[in-house]
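Peer 1: Got a structure for you, written out below as structure tokens; questions coming shortly.
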Amino acid sequence: MYKRDTAAATRRRVNQAGRRHFDGGKFQPVDYPHRLNFYTTPPTEEVTLDEFEQWAIQRLKVLTEIESALFRNKTPDELKSILNDLLKRHLPLDANSSRSESLTAQRRTDHYSHFILRLAFARSDELRKRFSKAETILFRHRLMTDDGLEREGFIASLGLDWERLSDDERSELESELKAASGGKKNLEPTYYKIDWEKVPELVERRMVFLKRGMAYVPASLQTAVVVGEFTNHLDRALELTARALPRLDEDERLIPILNHLSHGFTAPEFTSDPNGTHLPGTAITAASIDSLLQHFPACMLHLHTTLRRNKHLKHFGRLQYTLFLKGIGLSVEEALIFWRSSFSATPEDKFNKEYRYNIRHAYGLEGNRRDYKPHSCQQILLEHAPGNGEAHGCPYRHFGPDNLRAFLQTQMGVTDSSVLQGVKNDNEARKYHLGCNRVFEWKHREELKREKESGKGTVKETIIHPNEYFLRSWELAHPDEVQEAAKKMEGMEMKDEVMM
Amino acid sequence: MFDDDEDLIGDDGDDTDLLTAEEKAKVSVKDASFSDPQVMYAFYQRLFPWRQLFQWLNHSPIPSNDFMHREFAFTLQNEAYLRYQSFPTFETLRKEVLRLNPSRFEIGPVYSANPRDRKALRKAVFKPINKELVFDIDLTDYDDVRTCCDKANICEKCWQFITVAIKIMDVALREDLGFKHIMWVYSGRRGAHAWVCDKKARQMDDGKRKAVAAYLEVIRGGAQGGKRVHLRRPLHPHLTRSMDVLKDSFTTDVLINQDPWREPEKSARLLHLISDKTITEALREKWNSEPSRSSVKKWADIDEVAKSGISRHLNVQQLRENKQDIVFEYLYPRLDVEVSKHLNHLLKSPFVVHPGTGRVCVPIDATRPEDFDPLSVPTVTQLLAEIDATTGEEKMADYEKTSLKPYVDFFKRFVAALVKDETTAVKREREKEEAARAAAAGPGMAAEMEF
């Protein structure tokens, strides 16, 4: 795994195929005059397999977070601050003016990781679309945060097909341009003429004046043009990559990595630890579940109380709850005990016939033996809305406003009316996660404050998985155990390194 | 049943591919004479302009993929719907139509491969690649405004909505978006379709189609909702120009002909659209004392009440904008944007017969849409009678003996201009491509293969 292998041989072979196909092509080392990259030229230098994977994973983290921010309906401002933070950690890219020594290294990482992921995500139409969308948002963010002069230089380097409007034409069209600009008092000094098809976003919102197929774009809206061009280019390139993929003459080093990468780019999933136990120092058993309820998110608490009350749960409720419990570390043996005792009104043979299989199935021990993952908020929100008599789903989404309020007050113990009002507002904005996170933050306000003061707080990201909610809640309540466990882990890693 | 509706292709939507012999046998005979299978057969055989249709879709004299990979969909007399039909030549298309004798047929997109082979192909390989940009305007969408007719019925008065729509849309498509080959077609009953045939338009992806649809769309939301027109001020040049057209016909076409606010329940809608509450109250009072005041008077009342100075904080600008919005809401084209947004939407072919009215879907001359009278469009039975009534002149094609002639001639001219542009464009493109190929031998091109 750690041998310093290079993918060069592979690449050379691919190169030859490429050359044959395109009738010659030169590969030169790339230098990076601009912070931003349109990714038109593929990287050609050798990288180690390690770097290959590492860089891709860093970029993937950013793209995944962009996707989940989109799906949580983040506002542009929220997205901006999330991205600022993420990029600083995973994919920094400094401006020329920073004179940073790692400029080239940063740009190289950005360049290579983009192309690696392109290979990983060209495979299917759906992946291509999602990749292109996330990359577009990343690009737009970087373009917007770029230094003014450097941005201008970068845009000029693209050689896009736009024509600067002459002063005569500008004054001739003054009233139209003004009207299209939405009533700005003064006309912008610089306008560009460009085929409207390059700026469909602006056309769609009637933000530009159109004449005979040309859009008259003020310099201030240029970003949209550049971003549109970036997307077009990327989409075309992805198509080409997809077509070339089957011919990728590859040994068994890159393909597994690429497959693995594209699997990572799915809806946020909670991967359960194969060892089963998550909570340092505590083994979860059927008997201990009732003592952990204060760490449960609303959806799971609702399932649990319904189960206790009715001594029964319907199919999707069982599934959602079983997988959650599996995710927090309940073993299949304990799960069977838990469900058997919970279904106390159900005769033994009926339980064995109808429910036992389901539970074992969820643990991947029956049927197709798939290791089912605990449902994410996305799945819970979007799949199988609960019907009559069903307790699964998300209370924030599937309860009526009055029921939700009562539930939060009596079951979750929310007493602060401003929190309740906040949840109501979140729901009206259809931001169900935010309501849930709001309750979480309120319930853990003391611990969070302590964590913040001690400076040990991890970067706060919105919770988007019930198991994440549970784990985070548990960890906040048991800071010492968490620290202990972290120390142990470090120790183990050190040992590993020594062994190498 | 015979609404002017279209079907959107679902990705997995499969078709009724072949009819069983039994199904074929029970082709029902409708009592209405114009949907009589024999009448339709004679129409397809003697009158339908097959060659022009072919040239229109093929863009050159020799059959190309533009035609060969184009989807046709037939609605048979028994209402079975056959998707993914395609034909190598217009003769084969004609033959198949005569064999199946559909009550109507629709035109879909050109696919990346022959639609008939789709089952043997992977989804990624078989996909729509181009189609005319289309628009659909239907008078049923005006039902909350028009008082003269409802549902499938139309008259001269409400047809004016379509006339205005054509004027506004046609100029925007030409002047703003730069399209040249736009054909308007009567949908056979109560609406019109636009086919924008420029190569650039045909190649647009769904994103661009959506952008055009949104650019042209002003009225959003259903009749139940609140305000349906939300426009930024100052108005975009397209809207200012549209306003000029609307203003001219608002009094006649809406206020006089439709009189939409005569009933008190209906005038409530008008009051709802005025923001100044003092004015609405004054108007409500006034109209309560004279409930059946005409719309013309009610419209004038707004200004009168405003001028009387009853509202101390009257915002003249706002009131003017309210009135503009009302004009937009009542007269601006109401598009079925879903039809326009998707590359894979099917639309009824020009020159087919509307099964409910028997009228042929003939082109409308958009340079003078006000001259078009949907009620005098020839019906299929009338046309067949006209052929029979003509004697002598054996050399004449059948359509030339009928009142379909001017429409076919119009279509011919339209197609000729399109084909001419297309052939010169193809030549130019070829030259450009050659130049590009020479230049592309350098680095960069191999890029996409590689990383």
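For all residues, glycine too, the Cβ spot is worked out from N, Cα and C.
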Peer 1: Ranges A:1-24, A:73-96, A:97-120: which does TrEMBL label region 'Disordered'?
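Peer 2: Here TrEMBL associates region 'Disordered' with the stretch A:1-24.
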Peer 1: Other residues with Cβ within 8 Å of the Cβ centroid of A:C299, A:C377, A:C394, A:C436 at the [4Fe-4S] cluster site?
Peer 2: A:P297, A:A298, A:I380, A:L381, A:P395, A:Y396, A:R397, A:Y432, A:H433, A:P466
Peer 1: Counting only residues 6+ apart in the same chain, whose Cβ is under 8 Å from the Cβ of A:C299 ([4Fe-4S] cluster binding site)?
Peer 2: A:Q320, A:I380, A:H392, A:G393, A:C394, A:P395, A:P466
Peer 1: Return the residues near A:C377 ([4Fe-4S] cluster binding site), defined as same-chain residues 6+ apart in sequence whose C-beta is under 8 angstroms from its C-beta, sorted by sequence, else 'none'.
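Peer 2: Same-chain residues close to A:C377 ([4Fe-4S] cluster binding site) (Cβ under 8 Å, separated by 6 or more) are A:C394, A:Y432, A:H433, A:C436, A:I463, A:I464, A:H465, A:P466.
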